[in-house]
Amino acid sequence: MASRYLTLAAALLASFLQVDIEANSWWSLAMNPVQIPEAYIVGAQPLCSQLAGLSPGQKKLCQLYQDHMQYIGEGAKTGIKECQYQFRHRRWNCSTVDNISVFGRVMQIGSRETAFTYSISAAGVVNAVSRACRAGELSTCGCSRARRPKDLQRDWLWGGCGDNLDYGYRFAKEFVDAREREKIHQKGSYESSRTLMNLHNNEAGRRTVYNLADVACKCHGVSGSCSLKTCWLQLADFRKVGDFLKEKYDSAASMKLNSRGKLVQVNSRFNPPTTNDLVYVDPSPDYCVRNESTGSMGTQGRLCNKTSEGMDGCELMCCGRGYDQFKTVQTERCHCKFHWCCYVKCKKCTEIVDQFVCK
């Protein structure tokens, strides 16, 4: 146990040395939606210089692809929302802070929570840019040009306007990874391990979106006979991406640097992680109590479930500190009836319910 905390302390010390490097993030585009004034369409420099959180390489990409920036922000926002959904019942609930770091100091620790955040954010950008291509919102891409799947029935048409996953993947890789690739760290340093970790998890997020995409089809024919189908490539619902990466979070691999400056698994008895797995280099901090040095917001004041034995239960969520009970009034729709034709009319019902919050 003592060695675990010594490892965490060393990681924290190392991470604080790179505060300036990690303090700004492109994730901030999610918090401040990008608006592109008409006057900036020709001259990109004013717009890109005003966007907080971009690295030098990302600013150059912004100048070349400024119409993409809105969708990078949308992708980051999608990733953050999905992160908060997946961790809504955990001590760390992917909460954001009111500055351009978005998540605060907690991202300076190379924990499995950081691994998930990087992966889901990168996935969000692939998702948003791929859809924007299909919708004709971007000047450099259009509908998907993916090859016809070999197992598609011969009499089905391959066409339509699919999500441009190939373009979304390539652009997300170029933009999101730019910050990591332009860093120069001493071989074998903690910072170099974080860079390798971030790049690996970014790729895992992108691959998840790519691998979960599937063929969608529309029927054609007399009276809905479906004698002919037109098919195209379609992204999976982003909830599936979040569910998949959450499973990878639960089984994430603990890594360390070897003498050659490569990440290797701490426990060599396990199979090495694949490009679809998440990796981390630091143990998670204590999320039970508020700690400004680690970025933990603690669980005081969090709602908990008195009857649950899971992570959302009061015993685990409150870390044994106990909980307070209070009553609240909830209003919801009730006694709904369908009226011909065609609407549903409901009444509003109120009830007093017990809620529990951690001390």
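For all residues, glycine too, the Cβ spot is worked out from N, Cα and C.
For Cys336, the cysteine that Swiss-Prot lists as its disulphide partner among Cys342, Cys346, Cys349 is Cys346. The disulfide bond recorded by Swiss-Prot for Cys217 joins it to Cys231 [selected from Cys161, Cys231, Cys288].
The disulfide bond recorded by Swiss-Prot for Cys334 reaches one of Cys314, Cys318, Cys349, Cys358; that cysteine is Cys349. Of all the disulfide-bonded residues in the record (Cys94, Cys161, Cys319, Cys342), the one with the smallest CA separation from Cys219 (disulfide bond) is Cys161. In this structure the alpha carbons, written CA, of Cys83 (disulfide bond) and Cys346 (disulfide bond) are 33 Å apart. Non-local contacts of Cys346 (disulfide bond) by the CB criterion (under 8 A, 6+ apart in sequence, same chain) comprise Arg333, Cys334, His335, Cys336, Lys337. Recorded residues Cys318 (disulfide bond) and Cys288 (disulfide bond) have their alpha carbons 7 Å apart, per Cα-Cα distance. Between the disulfide-bonded residues Cys161, Cys231, Cys314, Cys319, Cys349, the minimum number of other C-beta atoms within 10 Å of a residue's C-beta occurs at Cys349. The most densely surrounded of the disulfide-bonded residues Cys94, Cys217, Cys334, Cys342 is Cys94 (count of other Cβ atoms within 10 A of its Cβ).
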